[in-house]
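S.K.: Pasting in a structure now, in structure tokens, and then I'll have a few things to ask.
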């Protein structure tokens, strides 16, 4: 029963053949928008007028969004048209590691961005000293190192499970929930562990973000100028919108890793998490930001 697996088969988004080409062109369009939008953000934020920590973090966020979509979407597009939708065992391990690493890093980066907004609003006179280049680089490096630790632990733990020759993954990429469902061994201990990891990776940064914004709102309400209050709220609301989308989709996917009844819903949430949100981020940050729009117009 414990045969050596050399590959897995990804079932994809839908088993209906008539939808494959429609899904292919739709996802291809969304992926193209993700690449164009985030590459524009990376290009625009290099402009001398946008050399601030907020835009530095935004540039890193865009790079992570491009990476997340590129780890998942190209293989999914190939599988939508190809008869063979298999992925090698090593490829599955690599894909899982990259997805978890990028997701965890992005969460910690969002917490760093909230801290940046807190310092900018609540400690404006010390902002340049507190958020210098060295501190910004350290926060990004810390986010990457934390994401790497989380990913190595989760990936190693998942692939210590026994799959007993079962190789068909009811998903469109290698992720923790479908692999846990595929396991033929008792996964209760791992399910408790993944809930703890979800709390560590999602809820801890989320609580820090909420705390930062509680202080920010308190400071904003003390601003006498209505125009200044609106500008500050507008800047912060973009970040909160992204955080809310990530928190909602990530929590629903990973809090119940072996709830097989909601597998189709998890596919949709995972598609939103890996494909749709990276497309929306440039729109959220650029369309709601006057400085980015002005520079984008000049660049175009």
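From the backbone N, Cα and C atoms, a Cβ is placed for every residue, glycine too.
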S.K.: Can you identify, from 22-44, 160-182, the stretch that TrEMBL calls transmembrane segment?
M.R.: 22-44
S.K.: Between the transmembrane segment (268-287) and the stretches 56-74, 94-115, 197-221, work out which stretch tops the count of Cβ pairs under 8 Å.
M.R.: 56-74
S.K.: Same-chain Cβ contacts of the transmembrane segment (135-159) under 8 Å, 6 or more residues past its ends?
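M.R.: For the transmembrane segment (135-159), the far contacts come to 53, 56-57, 60, 93, 96-98, 100-109, 111-112, 115-116, 176, 179-180, 190, 193-194, 197, 200-201.
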S.K.: Could you give the residue numbers and ranges of same-chain residues that sit at least 6 residues beyond the transmembrane segment (56-74) on either side and whose C-beta is under 8 angstroms from one of its C-beta atoms?
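M.R.: Here the qualifying positions are 27, 31, 34-35, 38-39, 41-42, 45-46, 95, 98-99, 102-103, 105-106, 109-110, 112-113, 116, 136, 139-140, 172-173, 274-275, 277-279, 281-282, 285.
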S.K.: So which of 22-44, 197-221, 233-256 is most in touch with the transmembrane segment (94-115), counting Cβ pairs under 8 Å?
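M.R.: Out of the listed stretches, 197-221 contacts the transmembrane segment (94-115) most.
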S.K.: Who are the chain neighbours of the transmembrane segment (22-44) in space, where the CB to CB distance is under 8 Å and they lie at least 6 residues beyond its ends?
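M.R.: Those are 13-14, 50, 58-59, 62-63, 65-66, 69, 73-74, 76-77, 80-81, 275-276, 278-279, 281-283, 285-286, 292, 295-296, 299, in sequence order.
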